[in-house]
Amino acid sequence: LNFLLFQPYTMPPVDGTSQWLRKTIDSAAVILFSKTTCPYCKNVKDVLAEAKIKHATIELDQLSNGSAIQKSLASFSKIETVPQMFVRGKFIGDSQMVLKYHRNNELTSIVNESKYDYDLIVIGGGSGGLAAGKEAAKYGAKTAVLDFVEPTPIGTTWGLGGTCVNVGCIPKKLMHQAGLLTLCLLISVSHNWSTMVEGVQSHIGSLNWGYKVALRDNQVTYLNAKGMLISPHEVQITDKNQKVSIITGDKIILATGERPKYPEIPGAVEYGITSDDLFSLPYFPGKTLVVGASYVALECAGFLASLGGDVTVMVRSILLRGFDQQMAEKIKQLKAVDTENNKPGLLLVKGHYTDGKKFEEEFETVIFAVGREPQLSKVLCTTVGVKLDKNGRVVCTDDEQTTVSNVYAIGDINAGKPQLTPVAIQAGRYLAKRLFAGATELTDYSNVATTVFTPLEYGACGLSEEDAIEKYGDKDIEVYHSNFKPLEWTVAHREDNVCYMKLVCRKSDHMRVLGLHVLGPNAGEITQGYAVAIKMGATKADFDRTIGIHPTCSEVCEYCFFICIEPFSR
């Protein structure tokens, strides 16, 4: 399609119509105010389609306050009818003028005229950056996406798509699935690490290529180069040959994500690896020490153990900080598989237990999963004026705007927001719609579902029990919970009372469900559906009235909950 009809998700308030119009007209690259029943509007749309000019279209007859918007438009264009076309804040004309420009072969040059090289420059080619870039291009914004991967200390690098696709969600889930197959067979099977890695990397390569094709198809310029914002509208780019140049953009989106941290201990960088290296490692890690208590640490340890590795997890304090601690404790008690000791390792690790007793053991591989950090010093000149918090993340308003008015930040570097791929994607899309298509809806960062892909998965949505009690007080919180056993575990005589689910509810709000937590097979698939219910304000009674699918693990939500007399946090 050469144009896109767009209806803003939420309408501007009636008393703010003029301000909304001014912002929309100034921000949009190419925007057409139209009515679906107007033949003159159709003529302009046909011309734009013929000229292959992408643009945002706001159909005034489809909006409850469309008449007010049309009346206010006259103050910008001096005409009271539609269609009205604007390009980068400038009124181009009505149907008569647009058709005239087209007949004279002037329309394309008018649309392409700009004081900047690009309407939007996105620094970072991860999930959020790609989503924002492609969405902006739909509305006629001339867009560039910059992506560059700094090699890890051992030289690992990857293609377009960011952490999730290359060294995160995708390879992790594939290796997690490989581990589950081993667990399900209950027989001794040989596993070929190299074959698995080759298959995983082949799939990732196809995704990298697909992203490049998608950018090309959406007419987004892809620059495989390192970007540095040196002024509010200038980005210095350095390509792989170290050639330096400068491009300019009206608006800038920072979407550079984060990279794993190395602890400040001797030998960490020289001899250790991170998840950035693990998924393309050419050899099986063997006897492995995973340092860290994050979900990354537990997921990596989980699939390595499931594949037959001898794995030790070293933590400093609690597991899964920020998650429900009862669920974290249950994960801690799990043992994925019986493992056999491999040959003595090559790396000597020394430390201390919490009781002060010394720890000393050899490992073949040491994986550090002690958290992630932004690397904005490589992306931002301090003179630009973008404010960072104490952790080096970008301080933003609710609409992802930084302290520099034309610079925005999405994804993991946005301070205080959930660090999840789908969050970055939605934030990128919504931001692009607000910038170039007159939308007003903000990304809702509350009640975002997530899953920890340990061998027995942990899905969560909403508040943990601890956070609910801290926010509302323990007297206002009721917890319903139950163990359950998957049907497929019964014939194989798997353990009892391992899988677990609980609802955290608020008494004074009709037992509204504040949080759902499930530990069991396919917890991610279970949690996704319930996330909609929690987002819509479902109560315990709503869950009780829902008839479950039998036989499934998920049906425990409908009929098997008991009141938890003593909250775990006590």
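Using the three backbone atoms N, Cα and C, a Cβ is placed for every residue, glycine included.
A coil conformation is recorded for His550 (active site, proton acceptor) in the three-state DSSP classification, outside any helix or strand. A C-beta separation below 8 Å, combined with a sequence spacing of at least six in one chain, links His550 (active site, proton acceptor) to none of the other residues. Positions annotated as active site, proton acceptor by TrEMBL: His550.
Its Cβ taken as reference, Gly227 (FAD binding site) is surrounded by 25 other Cβ atoms within 10 Å in the chains shown. Per TrEMBL, FAD binding site is recorded for Lys173, Gly227, Asp412.
Counting every protein chain shown, the number of other Cβ atoms lying within 10 Å of the Cβ of Leu298 (NAD(+) binding site) is 26. Leu298 (NAD(+) binding site) falls within a helix when secondary structure is assigned with DSSP. Marked as NAD(+) binding site by TrEMBL: Gly292, Ala293, Ser294, Tyr295, Val296, Ala297, Leu298, Glu299, Gly371.
Residues annotated as domain 'Glutaredoxin' in TrEMBL: 30-92.
The domain 'FAD/NAD(P)-binding' annotation in TrEMBL covers 118-428. The average pLDDT computed over the domain 'FAD/NAD(P)-binding' (118-428) stands at 92.
Marked as domain 'Pyridine nucleotide-disulphide oxidoreductase dimerisation' by TrEMBL: 448-557.
In sequence order, Leu320, Arg321, Ala369, Val370, Gly371 are the residues of the chain that are 6 or more apart from Ser294 (NAD(+) binding site) and have a CB within less than 8 Å of its CB.
You'll find the Cα of Gly292 (NAD(+) binding site) roughly 19 Å from the Cα of Asp412 (FAD binding site). The CA atom of Val296 (NAD(+) binding site) is located 12 Å away from the CA atom of Lys173 (FAD binding site).
Distance between Cα atoms for Lys173 (FAD binding site) and Leu298 (NAD(+) binding site): 13 Å, as a whole number. The DSSP secondary structure for Gly292 (NAD(+) binding site) is coil.
Look at Gly371 (NAD(+) binding site): DSSP puts it in coil.
For the binding site of NAD(+), formed by Gly292, Ala293, Ser294, Tyr295, Val296, Ala297, Leu298, Glu299, Gly371 according to the record, the largest Cα to Cα distance is 13 Å, rounded to a whole number.
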